[in-house]
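Some features that TrEMBL has for this protein:
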{"type": "BINDING", "residues": "LEU9, ASP84, SER112, ILE113, LEU163, HIS251", "note": "S-adenosyl-L-methionine binding site"}
{"type": "DOMAIN", "residues": "1-241", "note": "domain 'Tetrapyrrole methylase'"}
Amino acid sequence: MLYVIGLGLGDAKDITVKGLEIVKRCEFIYLESYTSILTCGKEELEKFYGKDIILAERDFVEQEADVLLTHAETKEVAFLVVGDPFSATTHTDLIIRAKQRAIKYQVIHNASIMNAVGSCGLQLYHFGETISIPFWTDTWKPDSFYDKIKANRDHNLHTLCLLDIKVKEPTLESMTKKKKEFMPPKFMSVSEAADQLLQIIDSKRREEVSELAYDENSLFIGLARIGHESQKIVACTLKEMKNCDLGAPLHSLVLPSNSLHELEKEYLQQFSEQPL
């Protein structure tokens, strides 16, 4: 039996009662450790659960999940996911593979940034397509997500921007070696995301695009560690966001729609130093 269990966004205690009961009786417990992170570490989870946990990194989940599924054929196995189990397509793929092998499974849901973003006061049913902002390099600066932001703005919808994380990423030098070497973990901040978004509109202006999706004075919302007691939310212009330090990860960014509902504006005002 395979249980895919959401852990929520905060700390070890955010797991549901049902999820905790299942974890305590499982023989094998895997923690997916590359699509997101908790503010607490693996050791704190082990202490709270009273069970040993196996870290499931990208290579394991994408290439060696048969080990996990083989265990699940005869034993109870928990696969722990930060946020909600369906917040990443990798987890959907794992369930499909379990079904192909006739392995029974159960999904235990929890909060994710997809619904917890409502903590900034914006109404969830006014959000359009969610986009992801990747880290740029000197030679790779994708901006295709801009078109999705523009479409959301054209339909007067909010845009949730998920910011890139790099965990257990091999160095370029080690890609050709037998032994992989990894770069230090890296988590995009709202400041870095704002800088890239500013560069995109500079590029669009050079292309003489007539109508921009946003500009340096557009209102943006920065969110950090949502769901944890240390969460922080700031509402300011994009050029101001570039200089914001919201502290430790994880960060997200929101571009509100062109016109806010009065209730949205009233709630959001508490996070802004300027009148909205």
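Keep in mind that glycine also has a Cβ here, set from the backbone N, Cα and C atoms.
Keep in mind that what you see is a predicted model, and the values were worked out from it rather than measured.
Listed in sequence order, LEU9, GLY83, SER87, LEU160, LEU162, LEU223, ILE226, LEU250, SER252 are the same-chain residues six or more apart from ILE113 (S-adenosyl-L-methionine binding site) with CB atoms under 8 A from its CB. Sequence-distant contacts of ASP84 (S-adenosyl-L-methionine binding site), defined by Cβ-Cβ distance under 8 angstroms and a gap of at least six in the same chain, are GLY6, HIS109, ASN110, ALA111, SER112, MET114.
Averaged across the domain 'Tetrapyrrole methylase' (1-241), the predicted model reaches a pLDDT of 91. Taking the Cβ of HIS251 (S-adenosyl-L-methionine binding site) as reference, residues of its chain lying under 8 Å away and at least six apart in sequence are, in sequence order, LEU163, PHE187, MET188, SER189, VAL190, ALA193, GLY222, LEU223, ALA224.
Just so you know, the Cβ of SER112 (S-adenosyl-L-methionine binding site) picks up 23 other Cβ atoms within 10 Å once every protein chain is counted.
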